[in-house]
Amino acid sequence: MESEHSENIYEALTEHQGERSRISKYVAYTIFASLNQLLLGYNVGVMSGAIIFIQEDLKITDVQQEILVGIFGIVSLLGSLVGGKTSDLLGRKWTLALTALLLQLGSATMAVAPSFLILIVGRVLSGVGMGIAVMIAPMYIAEISPADARGSLTSFPEVFINVGILLGYVSNYAFSGLSVHINWKIMLGVGILPSLLIWFALFIIPESPRWLVMQNRVEEARSVLLKTDENEADVDERLTDIQQAAGISDDVDRYAKRSVLRELLIPSTSVRRMLVIGLGIQAFQQMTGIDTVVYYSPEIFKDAGIENNSILLAITVAVGVSKTAFVIVSTFLIDKIGRKPLLYAGTIGMTLSLLTLGSTLALLGKGQIVIALAILCVCVYVAFFSLGLGPLCSVVTSEVFPLRLRAQASALGAVVNRLCSAFVTMSYLSLAQKVTVSGTFFIYAALSALSVLFVHTLVPETKGKSLEHVEFLFQDQPDCHGSKMEREDSEHLVQKARVTGA
């Protein structure tokens with residue numbers, strides 16, 4: 001009896017250790033795939049401070065300032081438009097490599113730019129890279145991750161973006177004391193260094209098994225799955241589900257007859273629902289004003305009464321810390337409490353903080369109290385953004401689309417995201433002049449309130465479901481395969497809980 005009990009404990013411990021080893025591999029792949037986002041975030045964060053010294057050094061106008069900030073979002077549309085097709089042709093892994101090349105070339109060009117025109121060239125290269133980066137990393141991670149950890153792992157790119165933004169803020173503060181002719185160039189250039197690790201990572205991370213299945217490279221996909229799951233029966237079952245979702249098996253051959261573009265332009269009822277959710281959450285992420293706060297936080301604090309540049313840049317570091325801390329909190333919670341509770345908390349918190357910020361700037365004028373409240377409201381706003389819409393936007397988008405549509409539908413979502421970002425960032429200064437800074441934040445608050453309604457009425461809960469099962473949530477008539485997949489997902493999660501408890 002004791003011997004049997006000891007064997008059971010040993011088996012449970014062995015299985016638990018094997019599970020930890022499996023998840024650690026996924027985490028390693030996820031970290032490597034997210035390295036581009038570090039430079040992407042750095043480019044976003046560093047420009048908020050560098051623009052102060054660029055304006056002083058190159059004598060650029062307010063319109064040129066809006067162009068320099070906003071063009072990053074506009075040209076990223078090009079990257080997003082080609083990113084989906086590129087990832088279907090080259091594969092997810094080598095599209096990550098292309099993204100790294102564009103981001104690094106763009107940063108290097110800006111770091112040595114002698115004029116506004118060359119600065120724009122570098123900004124364009126980085127923008128194209130950004131357009132690809134915002135859709136390829138979450139999609140790749142979602143496709144290689146297990147259902148029970150997919151939310152946390154898919155939010156890693158957002159964590160790295162926030163760390164990059166924070167490093168950009170720190171760089172602004174650290175180099176602000178140098179000569180105005182060189183400090184912004186150093187600020188723009190040093191972010192390249194950590195992102196160079198992506199070239200080492202390409203020798204380690206595998207190709208997406210789902211993309212390999214789409215290319216009929218089934219044995220290669222099987223070998224990738226075996227790297228993280230030694231149970232061949234589980235791998236073969238998972239491979240069968242992926243093949244069916246990809247439209248390779250006979251029972252779903254009807255999907256393979258329609259082109260991806262046709263399905264997106266003339267969608268079925270289920271695909272239309274996916275598009276509304278995937279594109280809608282991308283739009284709300286930007287229309288609620290996050291890029292305005294990231295790029296123009298020094299301007300916001302100036303309006304509250306702060307005039308010293310060093311103090312302004314130090315406060316933006318505090319904003320970056322708040323933003324980064326809460327995206328990490330979200331990463332730990334996303335697979336425990338689900339997507340919708342975090343989206344509710346995030347959108348409601350954003351709405352209240354935007355209303356408070358607008359009211360503070362409109363009613364209290366300037367002074368120490370206004371400065372303190374403005375700093376608090378901005379920090380609370382970015383914290384709630386990082387808890388909800390920040391990481392959850394890419395998670396939901398990467399989950400709701402079926403395999404054969406995922407790359408190009410995610411690219412379309414990135415296009416919507418970048419369009420909204422460009423509109424918000426390029427219109428902020430003009431809008432603030434016409435309706436005041438406080439009025440601008442009231443507009444963002446109204447849009448944030450709409451996002452709460454959007455989450456409540458349209459966004460499904462996908463926690464713990466395989467990507468193949470999520471597709472069946474949108475089918476008008478779920479079949480027995482969908483029921484079978486739901487049962488298998490539930491059984492898998494129960495087994496995980498028992499192993500963890502052991």
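Here the Cβ of each residue, glycine as well, is placed from N, Cα and C on the backbone.
Computed from a predicted structure; not experimentally measured.
Sequence annotations record features per position, and here TrEMBL assigns domain 'Major facilitator superfamily (MFS) profile' to 29-463. Here TrEMBL flags 26-55, 67-84, 96-121, 127-147, 159-180, 186-205, 311-334, 341-363, 369-397, 409-429, 441-459 as transmembrane segment.
Within the chain, the transmembrane segment (341-363) has long-range Cβ neighbours (under 8 A, six or more residues past its boundaries) at 284, 288-289, 303-304, 330, 333-334, 370, 373-374, 377-378, 380-381, 383-390, 392, 436-442, 444-445, 448-449, 451-452, 455-456, 459. Proximity of the transmembrane segment (67-84) to the transmembrane segment (186-205) is not established, fewer than 3 Cβ-Cβ distances being under 8 Å for residue pairs spaced 6 or more apart. If you count C-beta pairs under 8 angstroms between the transmembrane segment (159-180) and each of 96-121, 127-147, 186-205, 409-429, 441-459, the highest count goes to 186-205. The stretches the transmembrane segment (96-121) and the transmembrane segment (369-397) are not in mutual contact, being linked by fewer than three Cβ pairs under 8 Å (pairs 6 or more apart in sequence). Packing against the transmembrane segment (26-55) from elsewhere in the chain are residues 65, 68-69, 72, 96, 99-100, 103-104, 106-107, 119, 126, 129-130, 133-134, 137, 140-141, 144-146, 149, 153, 156-169, 171-173, 176, 180, 183-184, 187-188, 191-192, 194-195, 197-198, 201, 204-206, 228, 291, 294-298, 309, 312-313, 316, 320: each is 6 or more residues past its ends and has a CB under 8 Å from a CB in it. Across 127-147, 311-334, 441-459, the stretch most heavily in contact with the transmembrane segment (369-397), judged by Cβ pairs under 8 Å, is 311-334. Sequence-distant contacts of the transmembrane segment (441-459) (same chain, at least 6 residues past either end, Cβ-Cβ under 8 Å): 273, 276-277, 280-281, 284, 287-289, 292, 339-340, 343-344, 347-348, 350-351, 354-355, 357-358, 361-362, 389, 396, 431, 435. For the transmembrane segment (127-147), same-chain residues at least 6 beyond its ends with a Cβ under 8 Å from one of its own Cβ atoms are 22-23, 26, 29-30, 33-34, 36-37, 40, 43, 71-84, 86-87, 92-93, 95-96, 98-103, 105-106, 153-154, 156-157, 206, 208-211, 224, 228, 394-395, 397-399, 403, 406-407, 410-411, 413-415, 417-418, 464-467, 469, 489, 492-493.
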